[in-house]
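Listed in TrEMBL for this protein:
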- 12-36: transmembrane segment (TRANSMEM)
- 42-63: transmembrane segment (TRANSMEM)
- 75-95: transmembrane segment (TRANSMEM)
- 138-160: transmembrane segment (TRANSMEM)
- 224-247: transmembrane segment (TRANSMEM)
- 253-275: transmembrane segment (TRANSMEM)
- 287-307: transmembrane segment (TRANSMEM)
- 313-332: transmembrane segment (TRANSMEM)
- 353-372: transmembrane segment (TRANSMEM)
- 378-396: transmembrane segment (TRANSMEM)
């Protein structure tokens, strides 16, 4: 008999995640428009995204071996609390000084460093919070949470950006993050400390990373999944400033119409999340469902900006529905497949691949949009992502299937 999903710990973690997301969505939305309005450049906007990705490449590499040897909850609580303090300080600073693009780049680096620590801890703890057998439902809830908050907070952000101003948005962000840390601190979680006969040193740190590299080299399925996700997410991060620029410059478009994208995606993701929560997809079909979704999703991006606005909303609704389904299946499968004793390091390695490729591709896409028409640029990179999907996921389908079809209790998880 399966354990109930909504345990005390799961409920607390979802509540903390809600607080953390609410503040971040409001601030990031407003700031994305502020950067473009101040600079008028998609490249400058993309550079902000790229510099925020750098710590997500370096910090997990340094911290993950420690996180696999010691309890992860303190990392999570500390990350959210300190993150909140610095967001609040940023808001207080902006109350008295003007926005500085160069200054924001530097501060973004600091905030991204703290955020990467928090994200690594969260991704490593979340699988332990979900009761055994409830992985698909647990990740379905997680996948619905962010789009639900986006559809609520983005319209609010559009109003707050013009009323109370940017400083108070960041102060609010900080308060929400601190609330998340306080809730996370009440989670009761038993975590084992890995015994090390030697004092934890640079040599032990290096050996821990080498252990993960040896594991990763023999896992062709994980390689294919990680490489494709790095490529498609990197390209998608470059789409963000393109969409902002398109809705700022195209006749008949506006920031308000852009914010409605979130409603369309929310409807799609909500339906997709309900499907994942209510319907258990057989293990033998998970790969085929996921690959079909990847293919269709890239095609949706390819044609997005060529459609009339009503069909754009339909496009995003389909993308939201499909994206939730594929993400839930992928994350649940991967986190169940990888060994618990190496989870933080493997997740860190995934982040390194993701952020390294995303940093490069987001800048390339943003720079290309300075030359090409916005629609041509997005279609070109969507076609490239589709090709990469076939060169990774489809080409290594036998190995990828193993990841999706392995039972948690029979996998390498400790």
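Count begins at 1; order follows the chain as displayed.
Each residue, glycine too, has its Cβ placed from N, Cα and C.
The stretches the transmembrane segment (378-396) and the transmembrane segment (42-63) do not meet in space: the count of Cβ pairs below 8 angstroms, excluding pairs fewer than 6 apart in sequence, stays at fewer than three. Contact check: the transmembrane segment (313-332) against the transmembrane segment (75-95) gives fewer than three Cβ pairs closer than 8 Å, residues 6 or more apart, which falls short of the contact criterion. Listed as Cβ neighbours of the transmembrane segment (75-95) (distance under 8 Å, sequence separation of 6 or more from its ends, same chain) are residues 16, 20, 23, 27, 63, 67, 107, 110-111, 114-115, 117-118, 120-122, 125, 166-182, 184-185. Same-chain neighbours of the transmembrane segment (353-372): 41-43, 45-47, 49-50, 53-54, 56-57, 226-227, 229-231, 233-235, 237-239, 241-242, 245, 380-381, counting only residues six or more beyond its ends whose CB sits under 8 Å from a CB of the stretch.
It is 224-247 that, among the stretches 138-160, 224-247, 253-275, forms the most Cβ pairs under 8 Å with the transmembrane segment (287-307).
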